Amino acid sequence: MAASSSSSASASAMGGGGMRKAPSMEWRWVSTEEDDEGEEDGDTVEAAAAAVGAVGRGGSFGSEEEEDEEDGGGGGEGEGEGEDGEKQKLIRTVPSVDWFDVEGYEVSVAQHIEDSEEFDFGRTMFLALQTLAVVFGDIGISPLYTFDVMFSKYPILGEEDVLGALSLVLYTLISMPLVKYVLVVLWANDDGEGGIFALYSLICRNAKVSLIPNQVHSEKRMSSFRLKLPTPELERSIKVKEKLESSLLLKKLLLGLVLFGTAMFISNGVITPAMSVLSAVSGLKVGIPNASQGLVVMISVVLLVILYSVQRYATSKMGFALGPSLLIWFCCLGGIGIYNLSTYGPAAFKAFNPLYIIYYFGRNPFQAWLSLAGCLLCATGSEAIFANLSYFPVRYVQSMFALLVLPCLVLAYLGQGAFLIANQNSSEQIFFSSIPSGVFWPVFLIANLAALIASRTMTTAIFQCLKQSIALGCFPRLKIIHTSRKFMAKIYIPVVNWFLLFSCLGFILLFRSIYDVGNAYAIAELGVMIMATVYVTIIMLLIWETSIVKVLSFVITFLSLELVFFSSSLSSVGDGGWALIIFASGILMVMFIWNYGSKLKYDSEVKKKLSKDLMRKLGPNLGTIRAPGLGLVYSEIVKGVPAIFGHFLIALPAIHSIIVFVCIRNVPVPVVPQTERFLFQRVCTRGYHMFRCIARYGYKDKNQESQSTFERLLIEGLEKFIQREAVELSLQSGDDIDSDEEPPTPSRTIVAPNGSLYSLDVPLLADFVPSAEVIPEASCSTPQHDPVVDYTQNLELELAFIRQAKQSGAVYLIDNPIVKARKNSWFFKKLIINYFFAFLRNNCRRAMMSMSIPHTNVMQVRLTSYV
């Protein structure tokens, strides 16, 4: 049992060094034969051994040999002999974790409420009001304009037309918002996050479909990646995953669809305020018959300017006013509907018979087909229900829609149908014309307030969508302001806010009526709906593992309906849809150019990364000097040494005493727990204090902490990484250490006047084992070492070394490359990269501006990369 005793002694000795002792259950001794028989037991032990071995050997995190071999290994196993002379190995029984607990910085995580959480009555009522204001504001405005747009091109010819149109509206309202979104799509959320990019992120987390190959194997062990589905037992799900991962065409198609859907969603966010406010203010012509359309447009412009001017201040405190306002609005919708049904008779209830839809198309097929675009407006806001899901549990949203929102909307449409049956010549301002005269002005004011709330809700959803797209590399970086300390999802993007305002005003001033704006509205809504159908279908196949019958039923039913609606809306392209198509195309081009240029830039950086051999040559040739301080080298690549470091050495042949290659990586999850933020590994041998650090953020996280906080977190994480590394090395067998390790190499260590330590004229990647004590100036020593004592001494010295480097200050080395197309590239590539992408890069927010780094601590290296 000599080996066991040695391991125990090592652990005991290391405990005096201030390190956290590894639990004994993580390790066990096995015979070599037993280990060989169990080689096929799974990748867990092998991956763990590889991770420990890589640390023990001082392996490079980014070396080219390790890019595709992270699951191999065996290098972390200690060897010894049992009582019978049997060869034994010390192996891990649990996976080696390469992320480390980091404490001290409190992040205000969005308080998404789980379905299982119990609420008291007061909390429930507060959430009910918040849900109305945040989730259902957009769909609650649809009764203002649905019938107006449906009957804008052809007059009502009889009761059958009204019943047919009303039946279309009722069943569209039931099929799209209720069945598709509330009952199905809401369950496709990404840990509570909704929206088109959340669907894409969910797929990216379960299949490697991203075009930028910056995934890290260890991310699969993050808590957010621990999904129960898909299970490997279902062959269909595995085949779908393999097909998506192996086909470059499918990857590009998925990305193209999500970019198209996002462009349509942003366009929807521009049309919604224009349509909502303009239709609400248009009621003024019913109360004041002499009011002109110019007055309506002017008032709408003023209201929109006020709305976007206070958008930044519309935080959760305003929920106390917005929620009750929407509750009053829905009650008005239901109350007016009941009044009209009691006044004009219950004939509108016949519209629940779907045969009236057939009669409607039979009487005038072309007119009925054209009215489908207007009919879809009753479902506008369905995507906003999903996009604004992050604040509330799914079942709560479902209950609110089924018990309050849907009944009020159905009553409102039934009441308008009853009014139209009795007043078939009134095809304009139907909602306001059906209001009892005694309550007209109060309802008019509440309608305008509800329209403003719906517009604000949609704008907030646009902010969330763009934040997700920026995090996933599909939109230029913008300044993002968090307006609430309690809810992380409440954000404000100044540039986007003013862009939406001017775009919205442009639509209003261009068309000046709800009919032309409504035609564009239908196109935008349908574009988002179709993309949601496609992505939810993929999620059903890949993640939910739904039966093929249910999948086919879902995709055939809803995709067919949406394509029919879409064909009708395309017929009105000349009436107003053309402006939206041009606007959405512009947004799509911006996203495509940014993603395309970013991918080429990343590929160029990967090709230029430095190899170990080149690093060895650079060190001695430049006479590298270790200067006191902490050097943080930022790059986007997750493996290897970035080319910027080589250029830095050529220009200034000196490196700091501690070098950390930092990569800010956005992973396809909403939030990365603070305990899983950093991933560390050594880049070269232990004596030269060079590390790789990947700081991981979700698309909902606040990127990034302040400079001082980030430095503190990084140093704490680095110290814990070194401590854990020393513990794992100490648990290896002493025999293994004696046989495999080279004897320590002497090194000259200098004591600077300020007390800091640094080495002079040392090859960059030479072996270096520091001694336990500070060596006097210009003196050398070769200590006779015991492995356990050496690990303890090296740990203490390295921790002291890091603290001294921290006291000397940190310098940020940032790459600011210029990307250009090669001279022999085709014309359009030169146009995209040299002009459009360069313009976006020069005008977007710099990656490091959010950390508030003092200019005196920043060194920027600008390299020209030809792609």
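Placement of Cβ uses the backbone N, Cα and C atoms for every residue, glycine included.
Copied from Swiss-Prot, the annotated features are:
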type	residues	note
COMPBIAS	1-13	compositional bias 'Low complexity'
REGION	1-88	region 'Disordered'
TOPO_DOM	1-124	topological domain 'Cytoplasmic'
COMPBIAS	32-44	compositional bias 'Acidic residues'
COMPBIAS	45-54	compositional bias 'Low complexity'
COMPBIAS	63-84	compositional bias 'Acidic residues'
TRANSMEM	125-145	transmembrane segment
TOPO_DOM	146-167	topological domain 'Extracellular'
TRANSMEM	168-188	transmembrane segment
TOPO_DOM	189-252	topological domain 'Cytoplasmic'
TRANSMEM	253-273	transmembrane segment
TOPO_DOM	274-285	topological domain 'Extracellular'
TRANSMEM	286-306	transmembrane segment
TOPO_DOM	307-317	topological domain 'Cytoplasmic'
TRANSMEM	318-338	transmembrane segment
TOPO_DOM	339-365	topological domain 'Extracellular'
CARBOHYD	N340	N-linked glycosylation site
TRANSMEM	366-386	transmembrane segment
TOPO_DOM	387-400	topological domain 'Cytoplasmic'
TRANSMEM	401-421	transmembrane segment
TOPO_DOM	422-433	topological domain 'Extracellular'
CARBOHYD	N425	N-linked glycosylation site
TRANSMEM	434-454	transmembrane segment
TOPO_DOM	455-490	topological domain 'Cytoplasmic'
TRANSMEM	491-511	transmembrane segment
TOPO_DOM	512-522	topological domain 'Extracellular'
TRANSMEM	523-543	transmembrane segment
TRANSMEM	546-566	transmembrane segment
TOPO_DOM	567-572	topological domain 'Extracellular'
TRANSMEM	573-593	transmembrane segment
TOPO_DOM	594-867	topological domain 'Cytoplasmic'
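The topological domain 'Extracellular' (567-572): residue composition by secondary structure is 4 helix, 0 strand, 2 coil, according to DSSP. Rounded to the nearest whole angstrom, the C-alpha distance between N425 (N-linked glycosylation site) and N340 (N-linked glycosylation site) is 17. Away from its own ends, the topological domain 'Extracellular' (512-522) comes close to residues 145, 148-149, 152, 267-268, 271-272, 274-275, 278-279, 282, 293, 297, 373-374, 376-377, 380, 565, 568-569, 572-573, 575-577, 579-580 of its chain (Cβ-Cβ under 8 Å, at least six residues beyond either end). Counting other Cβ atoms within 10 Å of each Cβ, the glycosylation sites N340, N425 show the lowest value at N425.
At the 8 Å Cβ cutoff, the transmembrane segment (286-306) and the transmembrane segment (491-511) share at least 3 close pairs (sequence separation 6 or more) and count as touching.
The highest tally of CB pairs under 8 A with the transmembrane segment (318-338), across 125-145, 168-188, 366-386, 491-511, is held by 125-145.
Scored by C-beta pairs under 8 angstroms, the transmembrane segment (491-511) has its highest count with 573-593, from the stretches 125-145, 168-188, 366-386, 434-454, 573-593. The stretch from 168-188, 366-386, 434-454, 573-593 that makes the most Cβ contacts under 8 Å with the transmembrane segment (401-421) is 168-188. If you average pLDDT over the topological domain 'Extracellular' (422-433) in this model, you get 87. Packing against the topological domain 'Extracellular' (274-285) from elsewhere in the chain are residues 138, 141, 144-145, 148, 291, 293, 295-297, 299-300, 303-304, 307, 380, 429, 431-432, 444, 447-448, 450-452, 454-455, 504, 507-508, 513-514, 517-518, 521: each is 6 or more residues past its ends and has a CB under 8 Å from a CB in it. Remote same-chain residues near the topological domain 'Cytoplasmic' (455-490) are listed as 107-111, 133-135, 137-138, 193, 195-198, 200-201, 204, 212, 255, 258-259, 262, 265-266, 268-269, 272-273, 276-277, 304, 307-308, 311-316, 322, 384, 387-388, 390-391, 496-497, 500, 590-591, 594-595, 598, 666, 668, 671, 697-703, 840-841, 843-847, 849-850 (criterion: CB distance under 8 Å, separation of at least six residues from the stretch ends).
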